[in-house]
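Taking it in order: structure first as C-alpha cells, then the write-up.
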Amino acid sequence: GFFQSYAVEVDVKDASNATCLYAQWMMSFSIKYETNSSDYKNTTLSLGSNVTHNGSTCGSDTQAALLAIQFGEGHSWSVNFTKSNETYQSDFITFTYNTNDSAVFPDAKRKGPITIVVKDTMRPVQLNNLFVCHNTDSVEAENVTQIFWNVTLQAFVQNGTIGKKESRCDADKPTAAPTVVPTAANKTTPSTTTLSPTPTATPKPMENPITGNYSLKNGNITCLLASVGLQLNVSQDKPLLININPKTTSANGSCGNTSASLRLNDGNNSFIEFIFVLRNASASVRKFYLKEVNVTLLNRVNGSVMASADNNNISKWDASLGTSYMCQKEQTLEINEKLKVNTFNLRIQPFLVKENKFSIAEECFADSDLNFLIPIAVGMALGFLIILVFISYIIGRRKSRTGYQSV
C-alpha cells in the first residue's frame, strides 16, 4: 500500500513562555502483528494531521527533557533527552501502539496498547546547536521498525532562542570530491573548433546485483545462513529496478524451532523480510519453505515511503530440514502487482545450521535441469568426436587399399 505521513512540529515552552525544547520531524512505523488465525501481518502506522504533545517537559540540569506526542486511536511516542556540561543527547524512545485500532490492525489477536522501549543511537550534540538530519534513520525492536526523516530538533534551548549552528547527522554530510591540481595533462584549453552534437548514448542494461552473505546468531551459535543477490522491481509510470547493496545492508531477525525470519535493511532505504516455516511432507520427512515476504521502499531523496507490500502466501524455496536450498538462476517473487523481488545466486538455510556452514544443497528445478543438460551435451560432443575418428579411419583405410591396388 501507499500512504501519506505528516510533518510534526512541537514547540515546548517554560514557565516564562520561552522555548525550551523544539522539534520538527516526519516518521512512520512498520509493525508486524499476529492475527486470530495465528498468521502474522505487516501494517504501516503513520502520523495523521491531528497530533498533540501533552506531557512534554523542558528538563533541567538534573532532570531529563521529554518530547511526547499522541496521535490516532490511542497511539503515542516519546523520547527523553539528557545533558552534560557541554552536550545533550536522546536517551530512550518509548512507543505505544493500540491494536484496538481496527483500521490499522484488522483481525489482531492481541487487543489493547502495546509498549516498547528502545535505546536511541543519536550522538551527543553540542549545547546550543540545532540537530539536523534530512536523510532517513530507523530503529528496530520487537517487530516494530520506526522510520524518521527530515528531523530538526534542539533540547535544553537557552534563553528561548533556537541555535543557528547546525550539527548534522553522518548521513547528511557530503562526501568531498578529490581535489585535482591543474597540470599540463588535465588543463582545459578553449577550443575554436565547431563540434558536432554528441549522439545520445544507449542506456546500459541493469547489471545483476552483488551477492551478499548474511547470517543470524542465537547466542554464540549461527542459526541462519543466506547468500543472495537481491533486486527490487517496482512497477510505476517508469519501471524502476533497484539493486540491494550488501555493503550497506544490515541483517537481523529471529530463529525458532518451527519458524525463522531474516530482515534486511539496505542503508535505511529498503526493508525486506523473509519468513520461513516448517511443514511435514510425510510422516518421516519435514521440509522448510519461504512462506512470506514483506517489503518497504523509501524515497532516497526525502525519506518518504514509496511502497509497502507483503505477501504471506509465497510457498517457494522448498527443501528438506537439515539441508540448504540453492538456486543460481534468477527467480522472481511477486509481492503484489506493483512490487517484485528478483533473486540471484541464492543459497539459504534457515534451520539446523552446523559449524557455521551450509549443509548439502537441494537445487531448484532450473539449476538441476541445467546440471542434467551438461553431461548430455558433453556426451553428445564425445559421440560426435568418435564418429569423426571412425569416418577418418574408414577413409584412411580406403586410400591405403587404393594405393596397394595401383602398385
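Cβ atoms are placed via backbone N, Cα and C, with glycine included.
The disulfide bond feature in TrEMBL is assigned to Cys133-Cys169 (among others). Sequence-distant neighbours of Cys133 (disulfide bond) (same chain, 6+ residues apart, CB-CB distance under 8 A): Phe148, Trp149, Asn150, Val151, Arg168, Cys169, Ala171, Asp172.
For 167-207, the entry in TrEMBL reads region 'Disordered'.
Marked as compositional bias 'Low complexity' by TrEMBL: 174-205.
Residues or ranges marked as domain 'Lysosome-associated membrane glycoprotein 2-like luminal' in TrEMBL: 210-354.
Marked as disulfide bond by TrEMBL: Cys327-Cys364 (among others). Listed in sequence order, Tyr325, Met326, Cys327, Lys329, Gln331 are the same-chain residues six or more apart from Cys364 (disulfide bond) with CB atoms under 8 A from its CB.
The annotation transmembrane segment is assigned in TrEMBL to 372-395.
Positions annotated as domain 'Lysosome-associated membrane glycoprotein 2-like transmembrane' by TrEMBL: 374-405.
Taking each Cβ in turn and tallying the other Cβ atoms within 10 Å, the top scorer among the disulfide-bonded residues Cys169, Cys327 is Cys327.
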